[in-house]
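Notes to accompany the following structure.
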Amino acid sequence: MDYVIEMLNIRKEFPGIVANDNITLQLKKGEIHALLGENGAGKSTLMNVLFGLYQPEKGEIRVKGEKVNITSPNIANDLGIGMVHQHFMLVDTFTVTENIVLGMEPKKGFTIDMKKAERDVKEISDRYGLRVDPKAKIADISVGMQQRAEILKTLYRGAEILIFDEPTAVLTPQEIKELIQIFRTLIAEGKSIILITHKLKEIIEVCDRVTVIRKGVGIDTLDVEGATPNQLASLMVGREVLFRTEKTEAEPKDVVLQISKLNVNDARGVRAVRDLDLTIRAGEILGIAGVDGNGQTELIEAITGLTKISSGSIKLSGKELSSYKTRKITEAGVGHIPQDRHKHGLVLDFPIGDNMVLQTYYQRPYSKLSMLNNKEINKQAKKLINEFDVRTPSEYTQARALSGGNQQKAIIGREIDRDPDLLIAAQPTRGLDVGAIEFIHQRLIDQRDKGKAVLLLSFELDEILNVSDRIAVIYEGNIIAVVNPKETTEQELGLLMAGSKKKEEGDIKHV
Amino acid sequence: MFSRTQTILIPVISVVLGLLIGAVVMLVSGYNPIEGYSALLRGSLGDSFYIGETIRQITPYIFAGLAVAFAFRTGLFNIGVEGQLLVGWIASVWVGLAFDLPKIIHLPMAVLAGAIAGALWAFIPGLLKAKLRVHEVIVTIMMNYIALHLVNYLVRYVISDQQNTTSRVPESASLKSPFFEALTEFSTMHYGIFLALAGAIIYYVILEKTSTGFELRSVGFNQNASQYAGMNVNRNIILSMVISGAFAGLGGAMEGLGTFGYAFIHGAFSGVGFDGIAVALLGGNVAIGVVLAAALFGILKQGALIMPLQSGVPTELVEIVIAIIIFFVASSYIIAYLLQRFKKGAQ
Ligand SMILES: Nc1ncnc2c1ncn2[C@@H]1O[C@H](COP(=O)(O)OP(=O)(O)OP(=O)(O)O)[C@@H](O)[C@H]1O
Ligand SMILES: [Mg+2]
């Protein structure tokens, strides 16, 4: 059998941890090969080794049978290996084309031949059905389009082998469908793909083979055909996974959050939330379903004080919050798991310990008379690391060095542990493995059972349907329906989210 | 990015490389590097007089280095240390001359005036950055020129009577130390070095041990996350500049109340503020590093004055050595890369 890539017995160590221990991964030409493993299992590390960002301590890499030494991404490029990172590496103020040709610009005399570059980019974009506007500025296009720009970048550099690190974690369901189509086109054009994802359904849908790793050790490589999600999950975790969260009927009590006639503008000054009314009670989880860009982000930023509101009122247990600054809102009892963990959730250059007290560092026992008490801070960090299974060498490790999923678990731990009356969870399980998702869902339900209110925002309808007690559908900045998850279906929700059913039709159940 | 040993090794190796390449330059231009460097050492540490002069030289370097480092650690680039130092200098001298008080009140007041003036001078770029997002590098550079000419005006027309220098500050506001002068054969060494070392300790405590330092560092790394966590980003930007400026102003007060004991018209910038950038960089922006880097700079600059007389090597050689050191620190990736290679080769 011909392998285009062979990674044999790879070992990669970091201070205090062996991230890859004797892992072997072989990629056939024209296949989509999944790389599956828990958070922190070492998937990104292995791919960074292949892309030349890390040097392995042991093992060898072969490209088309030939032993190679990939000491930098440039060498990886020359060998036809391209990588689409989980966190994009694009210059925001440049156009798509400028980003793509960066470092290898076509020249005309001494100047860059932008016309030719744009033509080339357009040509590749059309060939693979990417439909990217070569002249658009990165800052102005959606996350899905930015990802396509990254794909174009690798193709422009002649990649034959494409590595995708959790590409679907940041996409909406529609964008995921389109990405899968793009994968198929790439394969038809003779490319080979390595795909990291935590979504077992995606693996079963598009992949040919899957390599499973657990805690840095290679477990097995198997054909996807015939494999079930349960089988994959238990291989990866090393025990049975349930997939369904057990929960009792909600017992809603007093109103915790009362929003009325709320209007909020987005960053460009366009109205994003319009005359929105919403109520959440103690002891219930309210899920917000909606297509991305219908005002969800602005709604959450308004509640948490990150954005000023235009008009309306936001009351927490009867207290008006809308004039408060973020700190006062936090102190009043609002917790917030943010959508973007790198932008808002963590100070990546701080140790994980300091990140665990990001909102409380100035309070006792973490500070006394303005002097930090590092002993208490690290004690708290240790506690959360254990409780939420954050896999890190220690509480002194920089947050940056944690795997994506473990960063997420750290944030969730911090927010839940503060035990807020209202917990806002925006895409809380983005980038988490199936075991961790189960655990986090259980913790959200525990908060509910303790009599707290939970606001869950998610683009995964599964998650919304499984975890919520009520579902509010947001469309163009307004809640157009509130439905009972037990009496609705994905289809109905889909229609509501598309705005095709309106309140006026009168057939929407109000719960 | 770098491991702990690397953060220590990189500046040390840079210094060694700087000195080695300096030696090569001397050889190539026909001087004896051993003679050159020993003259430099004699001129900075050779006897008690030179030691006194070197310590006096180190004092403002520590403050300037701390000022740059403080801003840097909190996400700002303060190029205006030079100007803040000048206004600190004139303010401390003015308070020294304007009041007639017992030393126990007068001296602290004059020193404090330097800090406050520097802080106020840095407050302006901080405010512009916080409120209007004007980049602090541009503003601080311009404020340097305003400071230079404003201070010259004040010296000539306000504090003195159309003279090039002010009068000397009275004993009650002076940092001069007859004790150290006697000890070091009448060098200009003064008590300022103790204030500088205290400054380094304060720097460490504010930044690493207080909740204010936690906030300042957090805002320096990630403004979005800091805002999310309820910190007041704008207030912290201003505070960072103000504290940085206060360190710079104190550096000026050391010159005004200690080294010179008066203020004078500057034809050009003294350069201490700009050297502060190099000191902070070489010192890795940590307190102990800044003190050590300032000591190295003090030794090199002081020794450079004697070197031409004793060995014929021109003063400029020291500037070359410093430039090479800074080059290597700034391009630390080269050294990190070499270290890695070296480790691989050894295995
Ligand atoms: N630069 C680094 N320095 C130190 N440790 C690191 C670094 N990068 C990763 N690690 C550690 O190596 C281990 C594997 O991390 P990796 O990012 O490869 O996990 P992953 O499988 O991609 O997980 P996730 O699904 O959460 O993204 C983790 O324990 C992580 O803390
Ligand atoms: Mg990863």
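FYI, residue positions are counted from 1 along the chain as it appears here.
Heads up, the Cβ atoms here are built off N, Cα and C, so glycines get one too.
Under the heading transmembrane segment, TrEMBL lists B:12-34 (among others). Only residues 6 or more beyond the boundaries of the transmembrane segment (B:12-34), in the same chain, are considered here, and those with a CB under 8 A from a CB of the stretch are 282, 296, 311-313, 317, 320-322, 324-326, 328-329, 332, 335.
Annotation comment: TrEMBL describes B:54-72 (among others) as transmembrane segment.
According to TrEMBL, the feature transmembrane segment maps to B:79-99 (among others).
Residues or ranges marked as transmembrane segment by TrEMBL: B:105-124 (among others).
Residues 71, 76-80, 82-84, 86-87, 89-90, 94, 121-122, 124-126, 128-129, 163-166, 241, 263-266, 268-269, 273 of the same chain, all 6+ positions outside the transmembrane segment (B:136-155), place their C-beta atoms under 8 angstroms from a C-beta of that stretch. The feature transmembrane segment is assigned by TrEMBL to B:136-155 (among others).
Sequence annotations record features per position, and here TrEMBL assigns transmembrane segment to B:188-207 (among others). Within its own chain, the transmembrane segment (B:188-207) has Cβ neighbours under 8 Å at 52-53, 55-56, 58-60, 62-63, 66, 69-70, 73, 111, 175-177, 180-181, 213, 216-217, 243, 247, 250, 254, 257-259, 286-288, 290-291, 294, counting only residues six or more beyond its boundaries.
Taken from TrEMBL, the feature transmembrane segment covers B:237-265 (among others).
Here TrEMBL flags B:277-300 (among others) as transmembrane segment.
What TrEMBL lists as transmembrane segment is B:320-339 (among others). Nonlocal intrachain contacts for the transmembrane segment (B:320-339), taken as residues 6+ away from its ends with a CB within less than 8 angstroms of a stretch CB, comprise 2, 6, 9-11, 13-15, 17-19, 21-22, 25, 278, 281-282, 297, 300.
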- Task: Counting only CB pairs under 8 A, let me know which of B:54-72, B:79-99, B:237-265 has the most with the transmembrane segment (B:105-124).
- Result: B:237-265
